[in-house]
Amino acid sequence: MGRESRGHESRESENRTFRLVCGEAEIPAVERLLRVQGYEFRPLPFDPFARELLAEPFPLGTSFALRFGRIYIQDRSSMLPPLALAPPSGAGVLDMCSAPGSKTGMLSRMVGPDGFVLASEPSAERVGILRMNLRRYNAANVGTVRSPAQDLSLSAGRWTHIQLDPPCSGWGTLNRNPGARELWSGDKLPPLIALQKTLLTKAASLLAPGGVVVYSTCTTNVQENEEQVRWAMDNLGLVPESLERPQGFTFETPLLPGMDGVLRVADDSLGQGFFLARLRRPGALPHDVLTGAGAHDCARPGAKNALGSLPGAPLDRERLPAMQGAGPMAVESLPPGMLYESRGTLFFLHQGLLPCVEQGLRVRGFPLGRCKTLESRGGGRPGSKKMGGKKAGKGRKNGGAGGMNDRARFQVDPTARALMPSVQEAGPAAVQVDDAASLEALLQGRSLTAASADAKGPAPLYFDDMPLGWLTRKGKRLLWPEKSMIS
Ligand SMILES: C[S@@+](CC[C@H](N)C(=O)[O-])C[C@H]1O[C@@H](n2cnc3c(N)ncnc32)[C@H](O)[C@@H]1O
């Protein structure tokens, strides 16, 4: 159906863009999930996951694809910094100013399961939004820290890739925020510029020799852009590297000489006004840099020092599928790392993040669901009532180092696709839904009837063989839970 034939139902898309949240093999399924609702879009030349919206029969924010965490609405210019940083698969990335997580999500995909991202954000409200987004988008290889980035207690000189997208005056976003220029001018600017310098200084100290930081802003203000790059060159010894100009944007000439490789996206471009520079710390990469491969002893699952400093009670990952209520959990599809329980929530922490925990950071892992009767640190001894009243011998046998007894219960979060088996592995437990009407009914709270009356636990839901999430079982009825169970 063409755009015109939709009449008043079709809204103008106004150059709006989004990206697909999936692996390459799943791209056709996400596109079909959008098309069954009548969305039209086209690929963008600079990234295989980026799309431009052409027709929007319903607000994109209410689409199935968004509600199941399979697309992320993002301005095209904002997609450029992670592409400029280009961390390879397996890299460890520090994202210094990360909420709401638009760039964190891209970095998470780019580094893959062997890599990891540490995302910091000082605002309590914004770190909440960041965590909600990362959960919905299943960025299991990301750890978050609520902290100003300049206060992060991390070893100097160990990071190969840093994303620095600091607070800025936002003059490039006047289309969306017409008041930005008046709001962020005059005496509001010097503190902002000083904070950007503080964060650049911190980034330079954390970079390994040969490491790179991408500095980006959504402003056209030269003081926050080229002048900061000049300052970082003169005071921090960072060297700008030439960035290629991606197709589909209008670029302006940099406003200071001697920095030809930085990108200044024009504010009358299809995307918002943006600035980005890739800055390298000179030198050759040493061996002890942070990568997800975990060259560190403390990153080995089971290593004592790492267990001692986890932000909660550890749980052997092999034990998860045996917990009551767990269902067909594919623990093996989680990246390398550890499980821990904190305040009734079970988290996953990527092994690449363990050295950061060792350095005293309060890193929060990726939440998988709710769990009960796990032994907490300093809590019940095996066999005590606190552990479910089992006899000591049996409690130890079933709990062991994992700190869990055989009455432990796990309730997977409906959005935790990271634990979903492939549709083939799920076998008869899999629920396949391939049409819009059934998905709409599920999202409106109507139930599906389970194929087998004997099956227990949550049921994995798929569209075109692509994991969407977990349905809750109530007798023979299967329901999409209204909300995530993790706050
Ligand atoms: C431009 S936004 C980041 C957008 C984000 N990178 C994204 O792509 O979704 C800047 C963020 O920096 C945070 N921030 C403010 N002061 C900070 C500091 N000292 N250290 C780290 N982040 C800070 C703000 O709360 C805000 O969320």
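In case you wondered, yes, glycine gets a Cβ from its N, Cα and C as well.
Its own atom aside, the Cβ of Cys218 (active site, nucleophile) has 25 Cβ atoms within 10 angstroms in the protein chains shown. What TrEMBL records for Cys218 is active site, nucleophile.
Secondary structure at Gly101 (S-adenosyl-L-methionine binding site), taken from DSSP and collapsed to helix, strand or coil, is coil. Cβ neighbours within 10 Å of Gly101 (S-adenosyl-L-methionine binding site), excluding its own Cβ and spanning all shown chains: 28. Per TrEMBL, S-adenosyl-L-methionine binding site is recorded for Cys97, Ser98, Ala99, Pro100, Gly101, Ser102, Lys103, Glu121, Asp165.
The compositional bias 'Basic residues' annotation in TrEMBL covers 383-397.
Annotated domain 'SAM-dependent MTase RsmB/NOP-type' per TrEMBL: 6-282, in sequence order.
Taken from TrEMBL, the feature region 'Disordered' applies to 374-407.
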Tertiary neighbours of Asp165 (S-adenosyl-L-methionine binding site) (same chain, Cβ under 8 Å, six or more apart): Pro81, Asp95, Met96, Cys97, Ser98, Lys103, Ser216, Thr217
Additional residues surrounding S-adenosyl-L-methionine, by Cβ distance to the Cys97, Ser98, Ala99, Pro100, Gly101, Ser102, Lys103, Glu121, Asp165 centre under 8 Å: Asp95, Thr104, Ala119, Arg126, Leu130
Averaged pLDDT, computed only over the residues in the domain 'SAM-dependent MTase RsmB/NOP-type' (6-282): 93
Between Cys218 (active site, nucleophile) and Gly101 (S-adenosyl-L-methionine binding site): CA-CA distance (Å): 15
Alpha-carbon spacing, Ala99 (S-adenosyl-L-methionine binding site) to Cys218 (active site, nucleophile), which is rounded to whole Å: 14
Other CB atoms, at most 10 A from the CB of Ala99 (S-adenosyl-L-methionine binding site): 22
